[in-house]
Amino acid sequence: MATAIRGLKLQTEDYFLTDKNAVMVAERHPQPVFPLHHHDFDELVIVWRGNGLHLWNDVPYRITRGDMFYVSAHDRHSYESVHELELDNILYIRNRLTLSADWQTLLPSGELPQSQRHWCLGSEGMDTIREKVDALTQECMKSDALSLQLSEALLLQIALLAARYRHSPDSPQLADAHQLDMLMNALRASIAAPFRFEAFCEQHHFSARSLRSRFKEQTGMSVPHYLRQLRLCKAMELLRYDLQTIGDVAALCGFEDSNYFSVVFHQAFGVSPSAYRQRFLNVE
């Protein structure tokens, strides 16, 4: 299995201020391309804006604003094809946490399936949580006893707020969602089906021009480009783990023409769908 490849190992002493600090924030504004790696510690990753390809335990995720990941020390991940990507990594060492809280539930570990550790945040949740993350960013750079406790208390607040505001990437649209959140949810639900932006805006009485502009500002991509990237990431997953024909994979990912799908896939990843699948057949 290709999963035997571990990549770089990021060491605790390179990221934590002292051996007393349980929590740190690694700001990535922007997040550059970063090779396959794993850590001595766990992390909560929150994406604020821009876009990129997050390869997490060999599964591709096209990430943008609102994506949130609970990454464990045993996971391997990397960042590729980034464009104005901004995120924060909230790093924590479980055995240093001292507050009496249900940390295992609030900050799920690698014992849970990966699908249960990827969530999305809407605008309200992002705004609320970012205020706490900014405070933690300042507090975690101190090592006195009071600051250590405050840092851990801020981590607890962030974990609680994340649990309150998060929703599954494929959940139905929320009734009180902002326009941008509703659009993101609709796109995630349209990987296999056609999506008509103008009809979506008309249905919800949105201004197509302003929503299109705001989407580009926040994600760094146009609406069609983002949807195509979602579909290509799904195609990578299907090619890796399932045995459907290339034509079936294309159809499941919203491409009516399998030849066109192959061209687009090759343009995006530099390899044909069949050659990409063969990589994993060769190492099983």
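Even glycines carry a Cβ here, placed using N, Cα and C.
Over the domain 'HTH araC/xylS-type' (181-279), the average per-residue pLDDT in this prediction is 94. The domain 'HTH araC/xylS-type' annotation in Swiss-Prot covers 181-279 and is backed by sequence analysis.
The annotation DNA-binding region is assigned in Swiss-Prot to 198-219 (among others) on the grounds of sequence analysis. Beyond its flanks by at least six residues, the DNA-binding region (198-219) meets 49-51, 64-65, 179-180, 182-183, 186, 226 of its own chain at Cβ-Cβ distances under 8 Å.
For 246-269 (among others), the entry in Swiss-Prot reads DNA-binding region, with the evidence type sequence analysis. Same-chain residues lying 6+ beyond the ends of the DNA-binding region (246-269) with a Cβ under 8 Å from its Cβ atoms: 190-194, 227-229, 231-232, 234-236, 238-239, 276.
The site 'Interaction with sigma-70' feature in Swiss-Prot is assigned to D248. Same-chain residues at least 6 positions away in sequence with a Cβ under 8 Å from that of D248 (site 'Interaction with sigma-70') are not found in this chain.
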